[in-house]
Amino acid sequence: MTGATILVADDDAAIRTVLNQALSRAGYDVRITSNAATLWRWIAAGDGDLVVTDVVMPDENAFDLLPRIKKARPDLPVLVMSAQNTFMTAIKASEKGAYDYLPKPFDLTELIGIIGRALAEPKRRPSKLEDDSQDGMPLVGRSAAMQEIYRVLARLMQTDLTLMITGESGTGKELVARALHDYGKRRNGPFVAINMAAIPRDLIESELFGHEKGAFTGAQTRSTGRFEQAEGGTLFLDEIGDMPMDAQTRLLRVLQQGEYTTVGGRTPIRSDVRIVAATNKDLKQSINQGLFREDLYYRLNVVPLRLPPLRDRAEDIPDLVRHFVQQAEKEGLDVKRFDQEALELMKAHPWPGNVRELENLVRRLTALYPQDVITREIIENELRSEIPDSPIEKAAARSGSLSISQAVEENMRQYFASFGDALPPSGLYDRVLAEMEYPLILAALTATRGNQIKAADLLGLNRNTLRKKIRELGVSVYRSSRSA
């Protein structure tokens, strides 16, 4: 829609000049101002086909002006620019009815493209205005990578689209899921999280979908599942790559038909739940290995969102440190200041545990060190002390990997820790043996390209015994091509 009039408001003269020149070259009529009062006068008079405005101006904040604009001219697209590149800025822009949000500095080509799309669209449905009552900062970071995540989340807030979050362990996948829920249309419903890796495989279906009385040994009463608990809200499926095949089939039915049955039940139950899934695995590789359903993958991967590792957004570390120090202060710990050399050293660290590792370090420093200022020397000592010192970790460091018994011991330690002061459900011995059998049989079948005779010989099992275990454990049998 060349020839359209663009109203530009920014108190920075250089930005006004750049936008005036770029938009004029693109064929638009441009009117520029440095204040909100003039912008509002133009809009109230019916001038302009689109607005490009900064958030902070000398006389009024654009977020205060936006509701008046949307009330007076609900079809007028408003693009918001801001140097305050935070998650809440993106959310406020969306909630107040902005067409889009651009963090400064931005790409002019991208801006012109957004303007073209906005002007080409039919009249837009007015956005629901929300009370700006939450000033918390659920996500922290001003890097380019985080800006893109903020923009995607802002666009998803008022939808029920299924989201697949990928990223390394500790990157904040559950935080993103919670932010999407807390600031989205389902905020008044429950947020329910379940970690597939922390639940025994034979209990996952019951945990997800619930079970009826007498559905299996030990089911003495009816139990609600996570889907029922999350009704009207959001269900976060963490470590989705660890979900067994039977549970995957049930989940696919929910996504396809919007209903499920409890374990042992016959009556379908309608489901009104937004699903957000997360994994640190390569699910496409799992599909090729026969461990994950391809049709389920595409049902879950409607909107993919990859969270970057902390080493790829090291510029966010000072903001994250300040955030964690503030959290520690709220918990009654002393306020600490990190000197610049300490921060630079932290920015250079690879952080294999990502944001979770950084948070643990900051909490440890605020709790254990009497110094008001955290120096480079303190950080060096702490990072050096992270060299493994337990017998298991020392063995792993020497060999480069954990032995099977060490891996089991470490896994069981984490498993018991996940229950806090409580104990896991009874029957742990049989569950652990089953957990060991599954990967062992799968590895043997993979090594023998699905040949059960060779796999049985490799395992030292009778062929019929192997077949029985394959059925009981739900091991996926597949054959790989011999040719490269």
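Numbering starts at 1 and runs along the chain as it is shown here.
Cβ from N, Cα, C; glycine included.
These numbers come from a predicted model, not from an experiment.
Look at Swiss-Prot and you will find 5-119 tagged as domain 'Response regulatory'.
Cβ neighbour count for Asp54 (4-aspartylphosphate): 22 (other Cβ atoms within 10 Å of its Cβ, all protein chains included). Swiss-Prot lists Asp54 with the feature 4-aspartylphosphate, giving sequence analysis as the kind of evidence.
For 139-367, the entry in Swiss-Prot reads domain 'Sigma-54 factor interaction', with the evidence type sequence analysis. For the domain 'Sigma-54 factor interaction' (139-367), the model's average pLDDT works out to 88.
The annotation ATP binding site is assigned in Swiss-Prot to 167-174, 230-239 on the grounds of sequence analysis. Cβ neighbours of Glu231 (ATP binding site) (same chain, under 8 Å, six or more residues apart in sequence): Gly189, Pro190, Ser271, Asp272, Val273.
Marked as DNA-binding region by Swiss-Prot: 452-471.
Each residue contributes its Cα atom, and for Gly170 (ATP binding site) and Asp54 (4-aspartylphosphate) those atoms are 34 Å apart. When the Cα atoms are compared, Asp54 (4-aspartylphosphate) and Lys173 (ATP binding site) turn out to be 31 Å apart. The Cβ of Thr234 (ATP binding site) has 24 neighbouring Cβ atoms from other residues within 10 Å, across all protein chains displayed.
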